[in-house]
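Below is one structure, written out as C-alpha cells, with a few remarks after it.
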2 protein chains.
Amino acid sequence: MAYVQKEVFKIRTDIEIAQNTELEPIEEIAKKMNITSNQLEYYGKYKAKINLKNKDLNKKVGKLILVTSINPTPAGEGKTTISVGLGDSLQHIGKKTAIALREPSLGPVFGMKGGAAGGGYAQVVPMEDLNLHFTGDMHAIGAANNLAAAMLDNHIQQGNQLNIDPRRITWKRAVDMNDRQLRNITSGLGGPTNGVPREDGFEITVASEIMAVLCLAESLVDLKERLSRCILGYTYEDEPITVGDIKAEGAMTVLLKDALKPNLVQTLEGTPTFIHGGPFANIAHGCNSVLATKTALSHADYVVTEGGFGADLGAEKFFDIKCRTSNLEPDAVVVVATIRALKMHGGLAKDDLHHEDLAALRSGFANLKKHVENMGKVFGMNTVVAINSFSADTPAENNLLSKLCEAEGFRVVLADIWSQGSAGGEEMARAVVEVCEEPSTLTYPYALEESIEAKITKVVQKIYGGVGVDWSPAATRSLHQLERLGFSDLPICMAKTQYSLSDNPTLLGQPKGFTVSVQDLTISAGAGFIVILTGDVLKMPGLPKKPAAENIDIDQNGKITGLF
Amino acid sequence: MAYVQKEVFKIRTDIEIAQNTELEPIEEIAKKMNITSNQLEYYGKYKAKINLKNKDLNKKVGKLILVTSINPTPAGEGKTTISVGLGDSLQHIGKKTAIALREPSLGPVFGMKGGAAGGGYAQVVPMEDLNLHFTGDMHAIGAANNLAAAMLDNHIQQGNQLNIDPRRITWKRAVDMNDRQLRNITSGLGGPTNGVPREDGFEITVASEIMAVLCLAESLVDLKERLSRCILGYTYEDEPITVGDIKAEGAMTVLLKDALKPNLVQTLEGTPTFIHGGPFANIAHGCNSVLATKTALSHADYVVTEGGFGADLGAEKFFDIKCRTSNLEPDAVVVVATIRALKMHGGLAKDDLHHEDLAALRSGFANLKKHVENMGKVFGMNTVVAINSFSADTPAENNLLSKLCEAEGFRVVLADIWSQGSAGGEEMARAVVEVCEEPSTLTYPYALEESIEAKITKVVQKIYGGVGVDWSPAATRSLHQLERLGFSDLPICMAKTQYSLSDNPTLLGQPKGFTVSVQDLTISAGAGFIVILTGDVLKMPGLPKKPAAENIDIDQNGKITGLF
C-alpha cells in the first residue's frame, strides 16, 4: 500500500479534468465490447443507446462486482469514484471491462451544483450531457407517468365506470424539477368541464414507480406487464385500480421503448460505461437497470456496478430485489470506506477530521466491520475492503485500519484512483480479480414465502443488527390490506435513513439494542416490492434560497459555466 | 391540368406507405444541401440536429415559398400535404430543395390518433419518431418553462425580496399531455415548508411562450435575451417581474441549447426536411423556427415553408411577426384550396360534398378570392393557387374553379401529389419557379409605430374584411397597462377562430360588415408580440371519452400499432 493522494496537488477541478480529456468516438468504445456500430443508436458522437435482441443478453460471460460502502457521512466515501476507478484499473491491467451505473436526475442540478459521476481522474464523461437531458430517459419516464395520471382522471371525468374513489388515488404526477410548490395541490378545479376536484400532488420523476419498473424490466413485454400491474388508486370498495384497468400500458410502453435501451458512454480512460436507470434508494431499490447490467455482462469479462447509499440499504436491495428478480449473482463485493468517514463514525466532528485520531478510527471501524460481515455471513459473498485514500490520512491511520481489517480476516486495499487514475487502483483491481475466482453462492436474509413481518424483522436483525420492529397503527392497517390483496410474497424495500444502521440518523458507528419503527407500508406492484416506510420520505425536493440555476450560464459559443 | 387522384386506388394507408419506404441515411440527405456529417448531431440513423455557426446562416441563397390556405373546414385542405409535395416536386424537376415545417406535439397523440406530416405519397418520415419524443425539443421546452416557475415560487417562499404578488402570477407550468385536470389548480398547500398557496395551472408545452421564443431566436445570445424578457407575473405595485429578475435565463438557455438546433429529416422522396418548432397558431405565431428556415435558405435554392391555420391568421403572422423579426421575405406564396372545402364555404354540409355543386363552389370561391387578394394587395406577394385534387372533384367543378381564378387574374394549378407523389406536382412546381423570378416587395398592413388599436383595426379591415373592432372593458384596461409598460411598438398576434375570416366560426365564405370583439390583451414580451384575444383560447386540451392511447400498443419486436 502506498500513501499517494495529496490534496495539495489538486490544482485541476473535476470539470477541468473532464473538459481537458479527449473522448473516443462512442463506436470505438462499443468495439471494445464487440458491440458493432449497427447495434448503436447514436445520440451525438459520444453517447449511444444499445439496441440488442433479448437472446443476446442471457449469455453471461463476465464476472459481476458490486461496489457498496459503509454508512455515508458528510466526510464522503467516494463510492462512485471507486466504481469508476475500479473499472479503469481492471481495464488497465488488461481485463475486458465495463461499468454499469445509475443515471442522474435533471431537476436537482438547478438546486445544488450538478454532480460528476465519479471524481478527480475517475469520472464518466461527457459530464454536461449526463447532467442535462442525456438521452431523454427521464423525460420519457415523466411522460409515461403523466399519461397514466391523465387517463385516470379522464376516466373519472368521463363517467367513472370503474368506480374509482378520487380520495384514494395514490398515483402522483411527475416533473423532473425541484419544485416544492407542487408537493400538495388541489387539481380539477374550475367547474364541470375541467375535471373532478381532488387532493393531488407531484413527485420528482426519479421517484416515480415507473423508474423502478424500467430498471427491473428485462424486455418490452416484461416492461408492459409490470406497467400494467402498477396500482394507481382504489375504488370506493377499496379494490385496487391498475394501469391495466385503464388500458394505458401499451401507450406507456411505446413512450418508454427507447428509454428501456441501455445508454453507453465512457470514463476518462475510455472504459465502456453504461449509465442507465436511477431509482430512488429509499422508496425504490436504488440500482441501475437490469438490462444495462446484463448487456455489460454479456459483452465484458468484468463488470463493475454499485448500489445506492450504504450496504445496509443499497447492497441489501441489490441482492434481495435486483438479484432475485433477474437471477443475477455477483462474484465479488467491494466495500468502500475512507479513514475520514470512519473517524466520523467513531465520534469525530467534521471539522476535526484533518487531525490524526487513532481512537476514533478504531471505534468507527465497527461500522465497516458490520457491513463486511453482512456481505459474507448473510449474503455469502467474498469481499474486498477498498480504502479510498485522502491526502490528510496519516501513515499511522492507514496502518491501523489495515491491521483492524486483517485481524478480522478482511482483504483490504488502498486505492488512490482519484488523483492517479487507474495507476492508483492496480492493487485493488488485482485483489478483485483474485476474489472473483473464489467460489461463492448468493444467500438471502429472508425467503419470499415468509410473512411481511418476518421479512422486515430478519432484515432489521441480520442486516442492521437491531433487536426488533415497532409497528404504528397505520402500518398494521396497511399490512392487513396488502396481505388481503395477495402481495405477501413480494420482497421488501426498506425506506430508512442512509446515515445509520438504525432508523435514527444520529446513531453512527455500530448501534446496538435499537428497534426500528415502521410508520407505514406502500405497494409498488409493478416494480414488485413492498415499501417499508420507517420515517417521512420527501419525494419532491425544493430549491435552496440561492439556487445553483442563478449562476448557470452559456455563452455565444455554447460554453456552459456554473453547472459544476 | 389532369384529374388523377382516385380514392378508389387508395389501398395503402399513410402509415403503410411510410413503413414501406426505405429511408436514406440522414447524412445522405444532408449531403444534398452540402451539409457535412461533422455538422450533424445524430439522433439515430434518420434524424439529426444541425450544428451551424451563425455566420453561415445569413448567406441566403434560396427562394422562399410560403404555403398557406383558405379558411380551414372539416372537409380538409391538405396544406402540409401540398407543402411536402411541392418540395418533392421541386426536387423532382431538378431544383435543390428543402422543406421547413412545424414540429408536432406529443400529448395530443394520446387523445386523437397521431398525425402524419403530410399524407399519401407526400409525407415526412420517420413518422413514429415525429409523433413521439422526436429529438427531445418539447421536453426541453417544458423543463425550461418549469424551471422558471419553480424559481419564481421559490423566490416567494424564500422571503420574496422582489415583492411578487402571488395573485398576479401569469406564468403557468407546462406538461406535454392532454390533461384537463391540471387546467386550474391550487398549489403550495400543506403548510409553511411546502410553498405559498395560490391559484395556479398548467398549459400544454407548445402553448408556452418559450416555444414562440425558441422559434424566433436566431442565436443562443438572442434566445437568452428573449427568455430574460419573458414576464412571469407582477409585483404588489403591478410592475412586471421577468425571467431576468429571478436570474433564470442562463439556466433556461442551457436547457434549450440543443432544442435551438434545427432537426433534419426527409420526405418519402428523400427531400431534406427541417422539422423544428411548433408554436400555437392562435396565442402565438404558428410558424416553424427562424433558424430552421434560415438554415434551409442558406443551403438550398428553393425552400418551402408554411403558416398555421388559414392565410388570415397563418400568413398574416408569418409576415407581420416572423418576417419582420428576422428580415425574411418570401419570393412566392402558394394558397391551397380544395373543391370540397370551397363548396363548404359556399354553404354545403359535409355529407353533401360528394355531389357536384357548381353553385356552392362559385359562392365559396369568395373565401379563396379574399385570401389571394390579401397576399397581393396587402403584402405585395406573387401567388399561385394550388388546388389539392380529390377523386370526387368533377371535371365541371375543376373547370369552373380554373375559370373563376383566371377571371381574377390568379395563377392556378391542380396538384395531385397525394396519390402520385412528385409526379403529380410538376405543374405546381414549375408555376412556383416562374413566380419566384417575378419581382415582389413585402409590404405590411400596419407599421410598428402605430397604436395598438390602429394595428388591430388595420388587420381587421385589410385582412379580414371587417368594419371595425369592439373592445371589452378588460381589453381596454389591458391596453392601457401595456401602453404604460412601453409595449406599444410590438407587432400584434391575433388569437381568432381559424374557421372564418371573422371572429365568428359559423360565418364561412367571405363574411362582410362584421366587427371583431377584442376580449383581452396579453403580452409575450420575450417572443415580442401582443396577443389579441377575440374569444376563449384553451391552452390545455383534454382527452376524449375513449382516448387513442387505449389502442396504442407495441409488441416484443418493437412494432408499434394504433399510433396512426
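In case you wondered, yes, glycine gets a Cβ from its N, Cα and C as well.
Curation does not apply to TrEMBL; its annotations are automatic.
Using a 10 Å radius centred on the Cβ of A:P74 (ATP binding site) and all shown protein chains, the other Cβ atoms total 11. The feature ATP binding site is assigned by TrEMBL to A:T73, A:P74, A:A75, A:G76, A:E77, A:G78, A:K79, A:T80.
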*Quick one: give me the count of other CB atoms within 10 A of the CB of A:K79 (ATP binding site).*
27
*Under 8 Å Cβ-Cβ to chain B, which of the binding-site residues A:T73, A:P74, A:A75, A:G76, A:K79?*
none
*Check each residue in the chain of A:G76 (ATP binding site) that is at least six apart in sequence and keep those whose C-beta is under 8 Å from its C-beta; list them in sequence order.*
A:T338, A:R340, A:A341
*Taking the Cβ of A:A75 (ATP binding site) as reference, which residues of that chain separated by at least 6 in sequence fall under 8 Å from it?*
A:T338, A:R340, A:A341, A:K343, A:M344, A:K350, A:L353
*asked:* When DSSP is mapped onto helix/strand/coil, what comes out for A:K79 (ATP binding site)?
replied: helix
*Around A:T80 (ATP binding site), which residues of its chain at least 6 apart sit with Cβ under 8 Å of its Cβ?*
A:L101, A:A117, A:G118, A:G119, A:E306
